[in-house]
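*Asks:* My structure is below; once you've seen it, I'll send some questions.
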Amino acid sequence: MELWPWLIAALLLLLLLAQLSRSARFYAKIGLYCAFCFTASAMAAVVCLLRHGGRTVENMRIISWFVRSFKYAYGLRFEVKGRETLDEDRPCVIISNHQSILDMMGLMEVLPDRCVQISKRELLFLGPVGLIMYLGGVLFINRQHSQTAMSVMTDVGERMVREKLKVWIYPEGTRNDNGDLLPFKKGAFYLAIQAQVPIIPVIYSSFSSFYSCKTKLFTSGTIQVEVLDAIPTRGLTVADVPKLLDTCHQAMRTHFFHISKIPQENGAPLGPDTQEAQ
């Protein structure tokens, strides 16, 4: 039985529903985004296998090209400041804020050469998406088993220096669209200190003006991206992890509020409810 007619019919139904309500438009765009991800992953996997024959960080160039094309379908623009810091030829740990499933587009927009991500192991089983992540050299960790995760991170630190890799980590550990940054987990900072490589913070402005799960908003928009100066870890030890974490968190939080144009009072962001009360 042919599957394509049913997929086409489903997409046409979504487009029809999208004309009826804001919620329907939101879910139609999310559905289309997921369809793009699976289709592009399948196509990119074929190109990666033909070009490089298997799993290698060099495949990220191919994957990045496919994913960057998504922004045209959604009317999204990225304005990047400080990209040259990412392009320096040296191993490093890159950390950024994590807001939604759209982060993949932002990641690929600025992804430097020889850069891999650390991701939860469950994503490996997402069909063609998991396959293309594997082919791109993504490093998977089992967050349910801390001992295994620590072993993987130790191996990553050694490999970073040996192969001059950049490693991209979301230190919040989960997606967060509350208009602020969640507390950071320590893994990225242990890794940077263990490998004695710098940390480069990358901040994406809030998506709330064009994307929100709570209000079912999904329109076109512009994302400001700011790459901060590298923070050295040479000479630091495990005892310095808390201070390093706090330094990065405060710097990223300050720049997040600034480029997102989120007002603050006493260092805390004013959310929609607070602003309405005022």
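Cβ atoms here come from the backbone N, Cα and C positions, even for glycine.
What you are looking at is a predicted structure, and each value in this text was computed from that prediction instead of being measured.
Straight from TrEMBL, here's the annotation block:
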| type | residues | note |
| --- | --- | --- |
| SIGNAL | 1-23 | signal peptide |
| TRANSMEM | 30-50 | transmembrane segment |
| DOMAIN | 92-207 | domain 'Phospholipid/glycerol acyltransferase' |
| TRANSMEM | 123-141 | transmembrane segment |
*Asks:* Tell me the residue counts in helix, strand and coil for the domain 'Phospholipid/glycerol acyltransferase' (92-207), as DSSP assigns them.
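*Replies:* Tallying H, G and I as helix, E and B as strand, the rest coil: 49 helix, 24 strand, 43 coil.
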*Asks:* For the domain 'Phospholipid/glycerol acyltransferase' (92-207), report the average pLDDT of the model, please.
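*Replies:* In the predicted model, the domain 'Phospholipid/glycerol acyltransferase' (92-207) has a mean pLDDT of 91.
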